[in-house]
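Reviewing the structure listed below.
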Amino acid sequence: MARMGVFICWCGSNIAETVDCESVAQYASTLPGVVVGRSYKYMCSDPGQRLITDAIKEHNLSGVVVASCSPRMHEPTFRQAVATVGMNPYMLEMANIREHCSWVHTNRAEATEKAKDLVRVLVEKVKRNVPLADIEVPVTQRAMVIGAGIAGIQAALDVAAAGFEVALVERQPSIGGYMSMLDETFPTLDCSQCILTPRMVEIMQSKNITLHSFSEVEQVEGYVGNFEVSIRKKPRSVDMEKCTGCGDCWNNCMARNKIIAPSPVLPGEHTPPEVAEKVDAILATYTDPSGMVIGALQDVQREFNYLHPDALVYLSEKSEIPLARLYSVASFYNAFSLEPRGDNIIRTCLGTACHLRGGGRIADAISRELGIGDGETTKDMKFTLERVNCLGACALAPVVTVNNKYYGKMTIGKMMDVLEERAGQDAGQPQEQPQEATAV
Amino acid sequence: MINLTIDNQQIEAEEGKTLLAAATLAGIDIPTLCYHPAVPSAGACRICVVEITGGGQPGLVPACAYPVQEGLEIQTESERVVASRRMTLALMLARSPGATIIQEMAQEYGAEPVPMDKGDDDCIMCGLCVRVCQDVIGQSAVCFEGRGHERKITTPYDKQSEVCLGCGACAFICPTGAIDPADYCPHPLETIPNDFNCGLDTRTPIHIPFPQAVPNKPLIDRENCIHFITGGCEACKQICPADAIDFDMTDEYVTEKVGAIVVATGYELFNPDVYAEYGYGRYPDVVTSIEFERMVSASGPTTGELVRPSTGKPPKTVVFLQCIGSRREQGGLPYCSKICCMYTAKHAILYKHKVHDGQAFVFYMDVRSGGKNYEQFVRRVIKEQMATYLRGRVAKIFPSDGKLIVRGADTLSGTQVEIAAEMVVLAPAMVPAAGIRNLAQTLRIGYDEHGFLLEAHPKLRPVETNTAGVFLAGACHSPKDIPDSVAQASAAASKVLGLISHQTLTREPTIGIVDEETCNACFECEGACAYGAIGPKELKDRKGEVTAVVAYINEGLCQGCGACAVTCRSKSIEVQGYRDDQLFAAINATGR
Amino acid sequence: MAVATQLRTPEDLANLREQAATRRESKRMAIAICCGTGCRAQGSMDLVEEFRSRLEAEGLSDVEVRATGCHGFCERGPLVVIYPKEIFYCGVQDTDVADIVDKSIKGDELVESLLFRDPVSKNRFHLEHEVPFYAKQQRIVFRNNGKIDPVVISDYIAVDGYVALAKALTQMTPEAVIDEVEKSGLRGRGGGGFPTGRKWRICHGQPGDQKYIICNGDEGDPGAFMDRSIMEGDPHSVLEGMTIGAYAIGASRAYMYVRAEYPLAVANLEIALEQSRALGLLGEDIFGSGFSFDVEIVRGAGAFVCGEETGLISSIQGDIGSPRQRPPYPAESGLWDKPTNINNVETWANIPVIIDRGADWFASVGTEKSKGTKVFSLVGKVQNTGLVEVPMGTTLREIVYDIGGGILKKRKFKAVQTGGPSGGCIPEAMLDLPVDFEKLRDVGAMMGSGGLIVMDERTCMVDVAKYFLAFLVDESCGKCTPCREGLFQMHAILSRITEGRGREGDIELLQRLAAYVGESSLCQLGGTAPNPVLSTIRYFRDEYEAHIDHKRCPAGVCTSLVNFGIDSEACKGCGLCLKDCPTEAISGEKKAPHRIDETVCVQCGVCYEACPFDAITVE
C-alpha cells in the first residue's frame, strides 16, 4: 500500500496569499493513501526540506507530492532531498500551485479548491510511480570548434590545453578570420598579426588539434556527449602532405586574369555555304587530319586561287586544328597566299642560275611594268608577281612561269610580250593550273 | 642516373633532364630568356648556349633543350660561350634597343654595340608567348606569322582572337614585356581580386590566402583556374617539384565524433553599396573600414602606404562615417555593432601616423566606448585633435573637382557641414557570417531575426544554446570585439571541458521504453519521433540468429516527449514516469 | 588501267620482265623524246604528239614513241634519241619531225642540222654517248632516265626494275641488306654525306614497332634539280630503293616529301605509286615475304628549311617547318616521335643498283671515302648546262670544261659554287680538285645536294655572297636568334658594301658574325649559312676591298657602283641593247654607235648582258 506524504508550500505569500495552504494540507491528509499532509512557509528552505525528510523517515513514506512552484524551479532540490533519506527521487513529484494556480487566480476560495484538485491528481499519479534509475550516457571526450577566427582558435586551444582532442573546422583555406586582416588593435595599438600568428601556429603545433581547413560542416547527428559531425573537405587540388609551400606554383601560375571561356562555335556557323561545300569536298579526300594541313591548304588555295579566310576558318572548325596554326603555316610557306591573287600568277625564278643570268632584272622589269612588288597583285586582278627561290629548271635560266607554264631563257623583251598577250585575255580566264609544266 | 661534368664539377642527373636542369640542380647558373620550366623548350634564343668540350660532338648547344648524356663535359662560361652570348645580345639589342632586360644582360656580358641595322621592337621573337598559349594553355590564340626576320607575333589576320581566354599568360611569360593580351583578346580583361586584401590587389588562381596563412599551403581557386575551365594548362603541375598538384581531388567527407561543439563562425560586414548616398562602389575613394585596415597594413597591397585608390597619392582629408547600416531601424539593422566607435578612433590615430599633416573627421551618433581603457582611448583621439568629431549623419557624398564632398549635419551646432574629402571611410555594421542559418538548423540551435545565434539564457547561460552540448563563442552570437570574443571562447571551452572531462553523462530516466514482446515493428514511432531517437533493433536468439526486429529507443536522444507512445498502435511504448495507468489515474482523480 | 595481276614471287616478276622486254624488242626502232621539265618547256610534248601522228600516218607501227624522263642535257632541248642506233638530235622542233621520220626512221640518214655541234671544236656528233657532254659521265642514278617512259611500269621492269627488291625480300635478311649498303660505302647525297648504311643501322636498332621512312624530295637548293629529274624520269627507282630501305630498317610506312614547285614529279610519282600497288610491289605481303609497306606523297609548300630533317618532319606533321634542337635525332624520335630514317631522292635511287649489282661493284666507283657517282646540276655561265653524273673524284676542271664545254662567250672563268646556299665558291686555282665530300669541305665549300654553278668574270663575288644571304634571310624560319638576326645583319652589311657604303672593318665584322651564326645556330641552315660569305672573303677578298675602299664593282654587277657607257668603237649599232633597255635610256640609229643617257639609266645591266660585241663599258 502506498504511503504518501503531501507538502504544501506557501512560497512566502506567493501562494499563501491566494491559496489556503493549510486547508489544502488538511484536505490532502484525507486522501486515500496519504499518511501525512503538511504546509510550510518555504518548503525549499533547509527547514522545509528537513520537514519532508523527517516525515519520510517517521512515516516510512513510499511517495511524496510537493505542491509549490514549477518543477522547473525546484524539482531537483526536492528530489535530491528525498534521496538523502533513501527514497528514489522519481517517487517525488511536484504539483504546481504557484504558476498554475496562485499567480493566475484572485479568488482565494476557488484557488484553494483548484490547488486541492491539483494535489489530488498528483497524489493519484505518484501512488503509481515506480522507482526509476538515472540513465548514464557515455561521453565522447573530444570537442569540435566550428570556425577558426580568434574565438574559435581560443576555444580550441583552451580545450586542447586541458588535454582533450579538438577538431577545428574552418570554411576558409586559412584560419585567422578577420583578425588576421587587421593592422593594429584598440586600445593598445598592438599589431594584430603579431599577436594572432603565434596562436595560429600553436593550432598547427598542437597534437590535440585536428584542423580541417577549407571544410564545411554538412551534417550533425547524435546528441550531447555523442555528436557525429560530417565534414565536407573541399578540394584544394594540392596534396597537403607532399606540398612544401615552396611557392613555385603560384609564382608561375599562368592565369593572371579571369578567364573568359570562349563560347563554342558550330562548324560552319559563319561560313558561306558555297565555301563550306568546297572545303568539305577537300576534307573528304583526307583520312588523317594530323598530317593533312599542308595538303589541304594547297587544295583550298587551288580551289579559291588563294587561301580564302572563310575557308581557313571553316577548315579549322571542321578539323579542330587551331586557326592560329593554319594561319601560321599559311604565312610560313612561300606557296601560300593569304591575299586574293590575279588571273595570271607570274613566278620569276631567282635561283642561283637564274640570278647569274639576270633573273632579278626580269623580275624588276615586271615590277616596273605592272607596278607591283613581290607577292602583290595588280588592281585589275590580272597579274600577281611572285619571286621564287628556284623552279628547278636551271638549265633554262632565266626562267619565268605564268600559271605554271614555263618560259625559259627569258629576256625582258620576251617577258613584255608575254605580259601583253596575257593582259589581252579575258578576266577570270585561266586560273592557275595544278598540273605540271607545259610547253611554250 | 647519368654522370657528366659541368664546369669541372661531377654531376649526376636523371635521364631525360636537360643540361640546364642538371646545372640548376648543381647550383650552376645559366642565363635564359626563351625558357620557362612549364613550357616545352625551344632552344630558340641561344642565350643559354654552353660548350661541349668533351664526351660528345664538340660545339655550342642550348642548355635548355639539350639532354644530359653520359660522360659529357660542359663549360658554361667558356670564352666561346661568352663570345656567343655577347653577339646574341648585341643582335637582340640591335633589334630591341628598348628592352630593359636585354640592355641589362648586354651590359652584364659586355656586348659592345656593333654597327647594325636597328629595330624598335621589344619583341625578341623568343616565341614563349606562342608556346605557352599553344602548349600550356591549349588555346593557340597567338601565333607566328611569316618567317625569318619578317616573322612576327600576331593573331590570325591580326584580328582579336575568339579563342583567347584573356588569361594573360603571354604577358606574364614574356621576358621583355613586349606583349599585351588586351590587343588580342576581344573581351575586357579583368584581374582576379585578392580577397584577403579586399580586392585591392590581385592574385592567381593557385595561391596561398595570405603570407602567414595557416596552413601555409596553396590551393587552386577552381572558378578561375584555366585547367578547370578548359581542361588545358597544367603549368603548376608541371612545375611543382614535389608533385603535389592533384587536379582530380574531389570533395572528401570525414566524420568526427565529438562530445561537444563550439560554434565560432564569426561575422561579416554589411555591404554599404545599398546606400547610394555614400557612393560606395562608385567612387573609388569611398572605402570600408576593413579596406582601410588593409591599406594601412604593412602586409597590405601598398605595404602600408596609405594612398587614394583614385590617384595613388596620400589623402590629405579623410572623413570617417560610423554606423553604416547599424543603429538604423529603417533600411538597416537596429542594433549597435559595438566595435565601430573604437576602431574608428583607432583609424584616426593610424591615419595621423601615416599622413602627419592630414585632417580627419568623424561623423558619429554616440561614442560608445564601454570597455577597459576604451573611453580614455577615444578621449585621447579627440583631445589630441587627431580627428574632429561631428555628431550627426551624412546625407550625401558626391565627387567634385577630384575630391569627395561630404555633406552632413552637425547636430550639436545645428549646422549643415560640407567637407571636401580625399577619402571617405565607412564603418559598416557587423552581420553574422553567411550561411549561419543553415548551420544553426543543422545544429538545431536558435538564431535571432538577424541571424545571430541564440544563447540558452541571456543572463545565466550566455555561452550555452538550447541544444545540450552546443556552445557559442565570438561574434556569431552578437557583435563583439576581440577581448569579448576571446573571453567568451574561453568560457565556452570551460563549458565544453565540464562536459567532456567525464566519461559519462547522467540523464533522467523519464524516457520511452519499448515492450519488445508486443512491438510489431510497424515503425510508426520512428516517423513520430522528432529527435531521431527511434530505430530498428534486431533480437537474436542464443545462436545469434535474428528472430525479430523491434523498435529501439536511443536513451541519449530520447527527450521523453511521448509522441511515440501515443503513435504506437500496439501500445508497446510507454514513457517511464508517464505510463498510461498513471495518467488515467490522474485524469480520473480530477473527479469532474 | 587494266587490273594487273599481282606479282607474288620473283618468278612472276621475271615473267613480266620477259614480256616487257620482248615487247620493247619487238619494235624495230624507238624514238625517245625527252619530256623532262626542261625539254617540255621547249616544246617536247608537242613533239611526242607530232611523232605519234606522223608514224601513224605513215603506218610505221613497228616504231615506238617513248616519252622519257630527263636526259640531262637540258640546255639543248628538246632532245630526241633514236634507238637502237642512239642517234642524238638536239633542239628538235615539231617542224623537224617529218624530216626525221623520212630520213632516220624510214631511211638510214641523219638530219645533219639537228646533230650536236660542239661549240669549241665545231665537230658534229651523231651518237649520244659520243657527245662530249655525255662522254665523261657514268650514269648509275640516271641509268634509266632517257631510256624508259616514267609512267609505264613495264618499261622500268623491262630494264631490270624491281629485281633488286625481289632479291632483298626473298634472299636477304634486313641485316644483310644493311651490311650490303654499308659495305658499298654509299653516303647521303642530301649534303651531309653521312654513311647511309650506318644511318639505317641506327634506326634499325631502335625499339618500337612503328618506324617511318621519309624520302626528302624537297630539293630546295637554288640551282639544283637532279632530284626533280629522277622523280620525274625514273620514279620507280626511288620507290624501289625506299622499299628495300624500309625492309632493312623495319618500317612499314613512308612519306615522300616533294616540293610544290615540282608538279610533274608529283604527278609521275602518283602514277608510279598506283602502278606499284596494282602489281603488289607496294602494299601487303610484298613477294610473299610477309613484309608490308606503303608510301604517301606529301607536297611541300615552299620552304628551304624543310630540307633540314627536323623541319621536314614538322612540315609533314602539318606545322611550320621550324627545325628543333637535336638530339633526339630522327632515328630515335622523328615523325610523330617514332624512329624515322630520312634519305634524299638520289640516295634512295642508288639503292636498287647496289643490291642488284653488289656492294663491291658500287664501291669500285669513286674515291677512297666517297663511293659511286654524283649527279650535279651544272649551270651558270657554262656552255653546256644540264645534269651530269660523274664518278666521285672527277675534277672540277673535267666537269666545267670537258663536260660543260667551258665558259659562255669565252669569258674568263672566275669560280664554281657548289653546295647551294650552304656551300662555297671555289677559285680557278683549285679547279683540279677531285670532287668528293672531304675535298670540297676542306676548301670551304661542300657537296650539298649537287648544285654546281659556274661563274665568270662578269660575276661579282660580293653580289653572289649577298645573293645567297638574301636567299637565306628569306628562307630562315626565324626561330633562333643567330640565324634570324645574324643573317639579317650580315645581309645588311653586304648590302651596304654593294651600295658603296661599306666601312672599314666590315669584312672583319662579317667574319665574326659568320663564325657566330655558324656555331650558335639551331640547325644546319644557320650552321652552314656563312659558307658563301666566308669562302668568297677567303678567295676573293680583293673584290670586297674594291667595293669598300674604292667604291667600285670590278664585275660591273653592283648597280650603285656602276655607270654603263658604250664604246663607240666596238658598237656595231645592232640595236639589241636599245630593244631590251627597260627605261629607254639608250638611243641611236641602226648600224651607228648608240648612246646611254645616264640620267635615265637605272643600271639594270640588261645592255651589258645583251651586247654581243662587249661594247658596253663599265666604270
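Backbone N, Cα and C define each Cβ position, glycine as well.
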Next item on the list: From the ranges C:216-235, C:316-335, pick the one that TrEMBL records as region 'Disordered'.
Entry: C:316-335
Check: Which residues, given as numbers and ranges, are at least 6 beyond the ends of the domain '4Fe-4S ferredoxin-type' (C:562-591) yet have a Cβ under 8 Å from it?
Finding: 553, 556, 597-598, 600-608, 610-619
Check: For the domain '4Fe-4S ferredoxin-type' (C:592-619), what are the DSSP-based totals of helix, strand and coil residues?
Finding: 5 helix, 5 strand, 18 coil
Notebook entry, point to check: Under an 8 Å Cβ to Cβ limit, what residues of the same chain, 6 or more beyond the ends of the domain '4Fe-4S ferredoxin-type' (C:592-619), are close to it?
Noted result: 458, 552-553, 556-557, 559-560, 562-586
Notebook entry, point to check: What are the DSSP helix, strand and coil residue counts for the region 'Disordered' (C:316-335)?
Noted result: 2 helix, 0 strand, 18 coil
Notebook entry, point to check: In the domain '4Fe-4S ferredoxin-type' (C:562-591), how many residues does DSSP assign to helix, to strand and to coil?
Noted result: 5 helix, 5 strand, 20 coil
